[in-house]
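Novice: Questions regarding the structure given below will be posed in turn.
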Amino acid sequence: MKTQVLVVLVLCVVFCLAESRNSMTSEERGLVSLMRQRDDIAKRLQCKCKGDAPDLSHMSGTIYFSCEGGDNSWKKCNSISVFADCCHKKPT
């Protein structure tokens with residue numbers, strides 16, 4: 001009986017520690033969101049399609065591993081690297 005109680009207690013402690021490591025504060029979530037936005041902007045700056053204006057707000061491209069995947073509404077306009085293409089929306 002003592003062993004069972006000890007096992008349950010240890011499992012509770014382990015579960016509580018795991019949960020505390022996974023929970024983020026609102027400040028941490030905000031920081032993660034800002035980092036993702038910064039990464040998105042950096043990717044957009046790398047992705048320039050022919051005819052795009054030099055400022056970020058007029059760039060039409062976005063980076064994908066393959067422009068032909070998904071809903072087939074994107075067209076390759078540039079290559080960023082061996083693993084990534086710069087794609088923009090196909091005209092409708």
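Think of each number as a place in line: the chain as shown, counted from 1.
Placed from the backbone N, Cα and C atoms, the Cβ positions cover glycine too.
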Novice: Which of these links to CYS77 by a disulfide bond in Swiss-Prot: CYS47, CYS49, CYS67?
Specialist: CYS49
Novice: Between CYS16, CYS47, work out which one Swiss-Prot annotates as bonded to CYS86 by a disulfide.
Specialist: CYS47
Novice: For the disulfide involving CYS67, grab the partner from CYS16, CYS87 as Swiss-Prot records it.
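Specialist: In Swiss-Prot, CYS67 forms its recorded disulfide with CYS87.
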Novice: Any idea what DSSP makes of CYS67 (disulfide bond), helix, strand or coil?
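Specialist: Reduced to three states, the DSSP call for CYS67 (disulfide bond) is coil.
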Novice: Within a 10 Å radius around the Cβ, which one of these disulfide-bonded residues has the most neighbouring Cβ atoms: CYS49, CYS67, CYS77, CYS86?
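Specialist: The most densely surrounded of these disulfide-bonded residues is CYS86.
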Novice: Using a 10 Å cut-off, grab the number of neighbouring Cβ atoms around the Cβ of CYS47 (disulfide bond), all chains included.
Specialist: 22
